[in-house]
Every structure is written in C-alpha cells, then in structure tokens.
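Trainee: Pasting a structure below so you can have a look.
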Amino acid sequence: MYSIDSIKYLIHIHIEAEGVVEKTDVVGAIFGQTEGLLGEELDLRDLQRSGRIGRIDVQIVSKHGKTAGECYIASSLDRAETAILAAALETIDRIGPCMAAIRIQNIEDLRAIKRRQIVERAKELLLESFDEVGISTYDILTEVREASRVEKITTIGPERLPAGPAVLESDAIIIVEGRADVLNLLKCGINNTVAVEGTKVPETVIDLSAKKNTTVFVDGDRGGDLILRELLQVADIDFVAFSPRRRSVEDMSRKEIVKSLRNKVPASVLKSHIEKDEPISDLVFEIEAGEEEHSSVSQKEEGNNTTPDVPADLPEEPPKSNIDEAIIPPITTSEQNLVKPENPHTIQEHTQYMKNTGRSRVLAEDAGVIGDYSLQELKAILPKLNDDVAGVIVDAAVDQKFIDQAFAKGLTYVAANAFEGIVRRPAGLRLIPF
C-alpha cells in the first residue's frame, strides 16, 4: 500500500471501464497516457523513481462485463503540483482495449490526519501525565502562613505545656485538650491557646485561669467531659465550648471553630446544673441562674482593659436588648393557681396566659402580641418573622433546632414549658421555663 510517514497528499480516483480489465491495464494506462503530457518535471515514471509519488494502488471489480473501482496515488509534491497531476489523470479515456472514465473524488491532506492524531494524543497526555492541579496565589499564601503559625507553637511552665505564642500576654485564654488542638487553632489564627495534656490539670493552667478570662474548648465526648469536670473544680473557668457531635477540635474547620466559640456557655450557669451521673455535653440547660451569677461573669469580662489576643473576626457577644437581662425564674405553684390575666402586659403574664393552651404566642419588644399560632405553624413561620419580634412563648417542649432558629432570627428570649436536648445556649438568647 503506502506509508503516511513521508507523503503529504493522497489522490482518490474513481475508475469505470466499459469491459473487463485488469490492474496492470489500469497502471499501464496511467503511465502511458500521461507520459510527456506534463513535461519532464512531472513525468510519473521519474517521480516514482525519485520517491515523490508512491505506488499506484488499484482496487477494481469486474461484474456484468464492466469494471469499476478505486485507485489511490500517494504524493509528496506540493499542493499545486499534486492538483496538476490529479487533473492530468482525468484525461485518461481508455484502459486496455476498453473505453473508460476516470474521475478524481478528492485529494486528502494526510498532514491534517497527523494534526488530528497529535491533538487527540496531546489531550490524552494532558489528562494522564499532569496530575497536579494548578495552585492559586491564595493557596500558596495560606500554606505559607499556616506553616509559619505551626512553627510558632511554644511551651510554657515547668510542665512544658503546648501553647500559642500569645497565651502569656493575652487577657483571655482558651484551654484545649492536646497539642494537636493547639496546632489546629493556630492554623485558624487563634494563638492564645494552651493544652492541659491529660485529665490532671497542671498548676500552670490553674494559675493562668485565675488571672485571665478563660474559655474551655473540649471535645463533646467522655474524655472532654472528664477534663471539663476537673477544670470546673480546680480552675477559674468563665466559659465552656464544645466541638460538634462526633468531631474533635483538632479536626474542625475554621468556620466550625468560630461557631463553637460563639456558642460558648457561661461556666457559672453550667456549674449549677451538673449532675455527677450525667455527661456535661448532654446537659439540658434549664436556665435558672440569678442576676448575681450572670452579672459576676459580665463584671470579670468588663474589668479587662486590654483587648484579648484572639482573631479580629471572632464574633463579639450580641448587643444587649431593651429587655432586662435577668433570667426569669420558673413560675411557682402559687403563681400557677392565679387566674389568667385578661390583658397580659408582661412576659410573665403572657406565659401564665398561654399555659395549658398547647399553643404559642409571638411578642414584640414592648410585650405586645403579634400573633398566636399552633406549634407547627410557629415552626413554619419562624424564619419569616419580621425584625420587630422580640421573643416567643411556646406551651410545649422545644429542642436545640428550635433554639438555633430563634437565635438566627435575632430573638432575645424563648419561653417554653420544657427544653429538651439543649446542649448549648447561644449567647444573648434567654431561655425561660414556665
């Protein structure tokens, strides 16, 4: 046949003869009837001897006294010379003893085939050989910054506890379980952390907690529960934060860490609810703390003049609303026996009015009624409430999902006859049992 390694074009020729002819007749007609037609430079015999055209490939079939088929001639001439040669072949009118007609079907550019093969192979090589995904400038900067933060981890005290570089200078510290937790918080830009490295609380941590605003950030499992119980007994803890369920602090993303620290719980409230046989992370926070406990934590926070060395974008505590921040205690038995007020004007009167109704009420800042709904209706409209809503009263049990939705909507209090499965109380949202 022919090779596409050295040729440029392939001439496709269609042959029809009025009789039975052989392949040798076709080849002879091509050489014989074009000889001297185009001059010495385009003589087919000379071109074939010099390798500028290939072998003449003839594929014909004789049937019913006629012959038809195809013929292929490979050419390494330029386009103009190849076109002239192809046009000359169409002048052939006899093959052997028979009348014949030759027609050029097309001239195929074999270099275009090579180009298509190159493109397809390049695509395969691009997918197979270049595995590494291009890295952006942001990714490079993030990787370098994280590496520098990891290098800044230090040790403090005679126990050589892993800690962030700013733990001694900062007015606020975060106590975590181990070195891996310190490293992860450093990657997130939080450099005022210290690890206890076990269930026995080191003296260095106890001393720091007495001088600084202290938050404990532990896993929500048995190990974190044991560490937290001892810290609450021997150290001066202000706030407690938990990792999400089935997640460790060392594996959390920056977004998860910020969210957990935002939802920290005052330790003073936590201490008054601890039962020895109940995991702290599973505790239902029925807020019954008095004004004195709540204000003592606030005074300690306000007494620090220096801004804590924590990331600038960590959320601040929500601003206080016009409603008194004292937690409303549960209604006593004597109050329950009172006649329901016809026109309630306070939150406590509204809770008394809604008790045993099985419904819910939405209140404005001035304790005015916005609307009464069933619990299912309230859950449906809660995300759509207007900004003038201050709180809700529910004569039913509410869960953590409801509390999270209320906090996200900006409510300042939720009153209910029971709180079930509450593992964290968002800062600034009061839970009022009745």
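Glycine residues also receive a Cβ, built from the backbone N, Cα and C atoms like all the rest.
When I checked Swiss-Prot for this same protein, it listed these features:
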BINDING   ASP219, ASP221  Mg(2+) 2 binding site
COMPBIAS  292-303  compositional bias 'Basic and acidic residues'
DOMAIN    171-250  domain 'Toprim'
REGION    290-319  region 'Disordered'
Trainee: Run through the domain 'Toprim' (171-250) and tell me, per DSSP, how many residues are helix, strand and coil.
Mentor: 33 helix, 18 strand, 29 coil
Trainee: Which site among ASP219, ASP221 has the most other CB atoms no more than 10 Å from its CB, taking these as binding-site residues?
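Mentor: In terms of Cβ crowding, the pick is ASP219.
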Trainee: Tell me, roughly as an integer, the mean pLDDT over the domain 'Toprim' (171-250).
Mentor: 88
